[in-house]
Amino acid sequence: MRAIDVKTGMKIPWDVRYSLSLFIFLSSILFLSNGQDYGMPGEDGGGGAEPPPEMAHCNGIFMSYNFGSREREYPHVKNVTAQSWAFKSTAMIVNAGREELKGWQMFIGFRHKELIVSATGATPMDGDYPLDASNGTTFVGSPNMDLKTSIETAGDFTQISANIEITGTLFGVSKAVTPMPRTIKLTNDGWECPAAKRKGGSMHVCCKRNPKIKNKIGLKTKFAPRRYGDLNIVYDVLQSFDSNYLAQVTIDNDNPLGRLDRWNLTFEWMRGEFINTMRGAYTHKKDPSECLYSKAGQYYKDLDFSQVMNCQRKPAISDLPPEKKEDNMTGKLPFCCKNGTLLPPIMDPSKSRSMFQLQVFKLPPDLNRTALYPPQHWKIDGVLNPQYKCGPPVRVDPSQFPDPSGLLAVTYAISSWQVVCNITKPKAQASRCCVSFSAFYNNSAVPCNTCACGCNDIDTDTCNANSNPLLLPPDALLVPFDNRTLKAKAWAKQNHMPVPKKLPCPDNCGVSINWHVSTDYKNGWTARLTVFNWRDFAFEDWFVAIDMGKAGPGYENVYSFNGTRVPPSNRTVIFQGLPGMNYLVGQVNGTNPLRDPPVPGKQQSVISFTKKNIKGLNIPEGDGFPTKLFFNGEECALPKHFPKKSSGHRRGISVSMSFVFATIAAFALMMD
């Protein structure tokens, strides 16, 4: 065998050297081929980690969650439950089935007091960043909202999958524990997911279409089907040019008890857009300097920014007053110019919709007619109305409009997005109105809860924000809280009730409602509803809605208001002022301001109920009081207790028997 000299002085046989060279060559080829793995592309289309092997066995929607890393945050504390950690994790959703998934929604069940600071590739439905995800949160696609199938895209992962890179803060987990979510699942209608499987810092699940739930028969849609919540906003692009487009925003109130007064709408431009002109609404701030010193000012050098409506990233928008409705420049638009009033459709369908238009200018690289992106992070609020929580804009099929020519033709929007907002239940001490209870069988009134509408604006060092309110004589409900102290102390002394050294704080509500049980007899009962306005402005077209629970079907009549049952249960009744009495005036000074307390605006009526066909109704034990009460759509804080019926108080009797007793007594007096 022939040998070859090597510089090191070692002799290697030729066939061994040849084999070694071939091995190195093949290894390099294998290395290069492995570099082009079947990865998950990110936003830039680049490859990512290799998909887990479990995905190969999934015929449906595959989802995974991988915990990445964490780092201890300041301040460093010894208490493990109070220590915060910065963490990074990734989630993935892949359409591994044969059916396109429109408007995907992935729920991640966080459970370690997570605060989500940012996420790429998706948008949380539950609010804006930083987002409290202690009880989990749902992500939706942004910009990739729909997941096509591998079959129709030739396995293009940019169209069948989405990656979510999550950054946030978590609490209360020691170093030895990997903080994983409780679960991950798909929340789209018609899909079901088994329990997620976990291994170390990873978990995955394969969700499949529920065969028992048949797809609703209807028109096929190119984009996600429209959903309907309490408040529905549609963002329609009507005209599109290279550098700008005309959009129309339509707000529909679809909740029978929902309402907005003087609504304020905000959203966030994500790509440097700005509002050039508006019709049907206006922005609260118009500052040309914000435009001049922004990217818009650098690009649009010849544009007169003194005439531009708004260049804020988060503009605040409000409806125009009625006098602007026929204005040629800012009005002349259906459903506009109502001073921000959105009534329930059950009250007035013509006042349950608002509309405005805006001309939006774009910046590079979006300078073409098809580069259309809606603003994100929508929020809407009113003066004394329910709190709404809005989801992200979801692409839907273009809206249809009647042709302006009057012909039997239909005009379509270029693109449409829908934002669904739902009413949230007020948190404790965060309502905007409150309720007090009183009854004919008890001398004391149960006032509104302490700090029912919050105590952020008062000095809680001088009062107790957590104690129960003091019982009051009923006439004390007619005066402001500041004028009740002497009455409350005197009443407590008279009725031998304790008075704490530190008195309870006020309720701090602009509107309060008193519910007084007036009578209770064999076949029915009555109550008196009184609405107090402690604000300095009036409420137009006000309404009160009550849910009477078990007693609701017994509603008979209201004598000074209009009363309407709310279907389908008919346990809720909505009351509104009669014509000419639809204004709840504001608070005014007393006859002598130096001596007399302010006088609230007031509306009052008696309401009658029957006990027919309602078994086991006990008025004093709670059946005679509302289980929920709403003022202008806002759920008001209810007292924690009912007025108690003393054991010595006689039981209620029927009206007919009362009349008989009165007649006998009168006859006896005449005989004397």
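Including glycine, each Cβ sits where the backbone N, Cα and C put it.
Over in Swiss-Prot, the protein carries these features:
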type     : residues : note
SIGNAL   : 1-35     : signal peptide
CARBOHYD : Asn79    : N-linked glycosylation site
CARBOHYD : Asn135   : N-linked glycosylation site
CARBOHYD : Asn264   : N-linked glycosylation site
CARBOHYD : Asn328   : N-linked glycosylation site
CARBOHYD : Asn339   : N-linked glycosylation site
CARBOHYD : Asn368   : N-linked glycosylation site
CARBOHYD : Asn422   : N-linked glycosylation site
CARBOHYD : Asn442   : N-linked glycosylation site
CARBOHYD : Asn483   : N-linked glycosylation site
DOMAIN   : 502-607  : domain 'CBM2'
CARBOHYD : Asn562   : N-linked glycosylation site
CARBOHYD : Asn570   : N-linked glycosylation site
CARBOHYD : Asn589   : N-linked glycosylation site
LIPID    : Ser646   : GPI-anchor amidated serine
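Sequence features annotated in Swiss-Prot and their locations in the structure.
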| residue | record | DSSP class |
| --- | --- | --- |
| Asn79 | N-linked glycosylation site | coil |
| Asn264 | N-linked glycosylation site | strand |
| Asn328 | N-linked glycosylation site | coil |
| Asn339 | N-linked glycosylation site | coil |
| Asn368 | N-linked glycosylation site | coil |
| Asn422 | N-linked glycosylation site | strand |
| Asn442 | N-linked glycosylation site | strand |
| Asn562 | N-linked glycosylation site | strand |
| Asn570 | N-linked glycosylation site | coil |
| Asn589 | N-linked glycosylation site | coil |
Cα-nearest neighbour of Asn368 (N-linked glycosylation site) within the listed glycosylation sites, Asn264, Asn422, Asn483: Asn264
Helix, strand and coil residues within the domain 'CBM2' (502-607) as assigned by DSSP: 6 helix, 55 strand, 45 coil
Three-state secondary structure, which DSSP defines for Asn483 (N-linked glycosylation site): helix
Between Asn570 (N-linked glycosylation site) and Asn562 (N-linked glycosylation site): CA-CA distance (Å): 15
Cα separation, Asn339 (N-linked glycosylation site) to Asn328 (N-linked glycosylation site) (Å, whole number): 18
Residues near Asn264 (N-linked glycosylation site) in space but at least six apart in sequence (CB under 8 A): His284, Ala316, Ile317, Ser318, Gly340, Ile380, Asp381, Gly382
Cα-Cα distance linking Asn570 (N-linked glycosylation site) and Asn339 (N-linked glycosylation site), given in Å to the nearest integer: 31
Fewest-neighbour residue among glycosylation sites, criterion Cβ within 10 Å, set Asn562, Asn589: Asn589
Residue with minimal Cβ packing [other Cβ atoms within 10 Å] among the glycosylation sites Asn328, Asn422, Asn570: Asn328
Asn442 (N-linked glycosylation site): tally of other CB atoms within 10 A of its CB: 19
CB within-chain contacts under 8 A for Asn483 (N-linked glycosylation site), separation at least 6: Pro597
